[in-house]
Amino acid sequence: MEPVMSLALAAHGPPSILEPLFKTVTTSTTTTTTTTTSTTTTTASPAGYSPGYPGTTLLTALFENLTSTAASGLYDPYSGMYGNQTNGTIGFETKGPRYSLASMVVMGFVAAILSTVTVAGNVMVMISFKIDKQLQTISNYFLFSLAIADFAIGAISMPLFAVTTILGYWPLGPIVCDTWLALDYLASNASVLNLLIISFDRYFSVTRPLTYRAKRTTNRAAVMIGAAWGISLLLWPPWIYSWPYIEGKRTVPKDECYIQFIETNQYITFGTALAAFYFPVTIMCFLYWRIWRETKKRQKDLPNLQAGKKDSSKRSNSSDENTVVNHASGGLLAFAQVGGNDHDTWRRPRSESSPDAESVYMTNMVIDSGYHGMHSRKSSIKSTNTIKKSYTCFGSIKEWCIAWWHSGREDSDDFAYEQEEPSDLGYATPVTIETPLQSSVSRCTSMNVMRDNYSMGGSVSGVRPPSILLSDVSPTPLPRPPLASISQLQEMSAVTASTTANVNTSGNGNGAINNNNNASHNGNGAVNGNGAGNGSGIGLGTTGNATHRDSRTLPVINRINSRSVSQDSVYTILIRLPSDGASSNAANGGGGGPGAGAAASASLSMQGDCAPSIKMIHEDGPTTTAAAAPLASAAATRRPLPSRDSEFSLPLGRRMSHAQHDARLLNAKVIPKQLGKAGGGAAGGGVGGAHALMNARNAAKKKKKSQEKRQESKAAKTLSAILLSFIITWTPYNILVLIKPLTTCSDCIPTELWDFFYALCYINSTINPMCYALCNATFRRTYVRILTCKWHTRNREGMVRGVYN
């Protein structure tokens, strides 16, 4: 049995154990006397066994084969030896804990807190991205990728680093060491590249908002994120695993864990440090500097880009004549025109919303000064079979901008409906070039007045009574008419009122409004399917049994005139509606002969002469003047518009669902409430109202500038904090990486300093969720939902406010 035991020991132990048994085998192995003595106590040769034993030759050959095989075995780079040879310089017994027990407890507690905060913060970022649809944007895709990298650092890298730092040595062996280093450097480098991608994304979004955002798709974002992880995967893990085989041996001791080529090859060290840190941080600094410079430039140029400057190439609501309609004491049409460069300073972009700048809404009146109206907006874009006229470059650009602006609006379905209608169905409500309605403003039909040489007869002084426009489709471009001045507008209003009175009081049944059951309606009055008269001071009325004469029965020249509407001659007015008594008389005039309807219309016309025909509607409630009382009453009692299927349906092509719920009319113009109130005071109070207007304007301008400065300052501070935190946490370690290969002294840099700077890089993963996510209000609200376990609830109020404001 003893030879068998010796053979087993020889297979698993050092070859020196066999020396007491067979002195002839000890040719290549030497041991000390102490070792042989302790070994021979358990392996003593029995009696009768001697070096001349017959079995000695066989055993000698066997053991020589075993020892030669072990000596010529494959090289193991992780053990640093061939076969079962041992290296006395590498072992776990050489090092122990470097810190006291109290220090180890404190370090473990701090490391556990940092790791938990890092993991929790990045998990909240990923959950927020998942449960809130508002956060699923292109920019937040980059944040999601960054959160994945930081989560890996907090879950894997930080705990293992804390273990090796507290114990003072690496206890898990070389294979786990290389795996930990590969994952650690992969996640850290991916985190840096994700920061770089975010920097590029913000830079292009600021400097190239139009071209870049068109290419900024989810697929491109996925490609960029994949590139960040792919570069990190190629840069670190392959070299960490393969470097001991490249050099032929592993120089890292078993009780330590670091990348071998950082100490053995200074060229690789410099290259990886430049590629992993110095190049990205340099690019990030440059990009953020450009972003900061562009922000400052825009902040400096902001007064020139505001709506106060007249720039028709960028604004669709600019017109050739900017007038503000106010209430005058006894005038038919009173316009308070603000002169100088301050007349547009109250205008605000559509994207801005402020509680200090509320709005009032006013309808639009279109005036054709005796010429063929200019072609409409859609015909200038879609009509290809018509004769082209020569237009100015400014006019063409203006037309294109208007069509482009309306192409993405919510009422684009109205345009499709208008295309279905024939172009010769008459008039439709024209779309003006004023500021489009916000999405929260309901569309209602408006009354639009047009003056031209319409009919061959039945007019006074060559001017026909104003009509309701039923179509703005004009397939034939016509010359641009001259603009109607304010004096012409006032003269037109006076002539219109007198014409309406004369025509309607004739009593012969041939006027614009006729109560005869056999009379036909020529389009000069408003036809209500319910038989109620909704007239105004400009001669609007109805008959109970009147029939609508389609414009196709008119002469061709008149239809051509009727289809064209001038978009430049646009003035904002409100058509006065009749009182309840007048409406009742007009509705009941069918049985009283021609004189009854004429008298009712005449009374409406006279009422329009006595009261102001232009009135500003304030959003905070009805006006308190006595003249405006009938207007408010009529607007409150106005009946719903006829449907498309009724006998007197009008091809307005507008959504009628909001007409009976909102008294604000179609194509309303949005102006600040301060200007409306101050403008009314200026018309009635003279210099005092003008001073009030200027004070309100200056106060709003100062407050807006202060808000913009605060926003720009906050954005600049956020960008600076992000860049500063990255530089502070990553620079010290990367400086040591470049310094250590250059120094011949291995102990010049203390181990504690290495560990501290290495841990500082991890802290950047803890700061990233705070810098990127907590600066976003939507992230903060989602964090609160997660912490309060409200996973499936939504902030409806915030969503509605974000969509409709």
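Cβ coordinates come from backbone N, Cα and C, glycine included.
Bear in mind that the values here come from a model prediction, so they are computed numbers and not experimental data.
Per Swiss-Prot, the feature compositional bias 'Low complexity' maps to 27-43 (among others).
The compositional bias 'Basic and acidic residues' annotation in Swiss-Prot covers 308-318 (among others).
Residues annotated as compositional bias 'Basic and acidic residues' in Swiss-Prot: 341-353 (among others).
Marked as compositional bias 'Low complexity' by Swiss-Prot: 507-525 (among others).
Swiss-Prot lists ASN65 (among others) with the feature N-linked glycosylation site, giving sequence analysis as the kind of evidence.
Under the heading N-linked glycosylation site, Swiss-Prot lists ASN84 (among others).
According to Swiss-Prot, the feature N-linked glycosylation site maps to ASN87 (among others), an assignment based on sequence analysis.
Sequence annotations record features per position, and here Swiss-Prot assigns region 'Disordered' to 27-47 (among others).
The region 'Disordered' annotation in Swiss-Prot covers 302-322 (among others).
Per Swiss-Prot, region 'Disordered' is recorded for 340-359 (among others).
Marked as region 'Disordered' by Swiss-Prot: 507-530 (among others).
The topological domain 'Extracellular' annotation in Swiss-Prot covers 1-100 (among others).
With a cut-off of 8 Å between Cβ atoms, the residues of this chain six or more beyond the topological domain 'Cytoplasmic' (122-141) that come close are 147-148, 150-151, 154, 198, 201-202, 216-218, 221-222, 225, 765, 768-769, 772-773, 776, 778-779, 782-783, 785-786, 791, 799, 802. If you look up Swiss-Prot, you'll see 122-141 (among others) marked as topological domain 'Cytoplasmic'.
Positions annotated as topological domain 'Extracellular' by Swiss-Prot, on the basis of similarity to another entry: 163-177 (among others).
Within the model, the topological domain 'Cytoplasmic' (199-220) shows a mean pLDDT value of 89, rounded to a whole number. According to Swiss-Prot, the feature topological domain 'Cytoplasmic' maps to 199-220 (among others).
The topological domain 'Extracellular' annotation in Swiss-Prot covers 242-266 (among others) and is backed by similarity to another entry.
Within the same chain, residues 138-139, 141-142, 283-284, 287-288, 290-291, 294-295, 719 sit at least 6 positions outside the topological domain 'Cytoplasmic' (199-220) and bring their C-beta atoms closer than 8 Å to a C-beta of that stretch. Counting Cβ pairs under 8 Å to the transmembrane segment (267-287), the stretch among 101-121, 142-162, 221-241, 719-739 with the most such contacts is 719-739.
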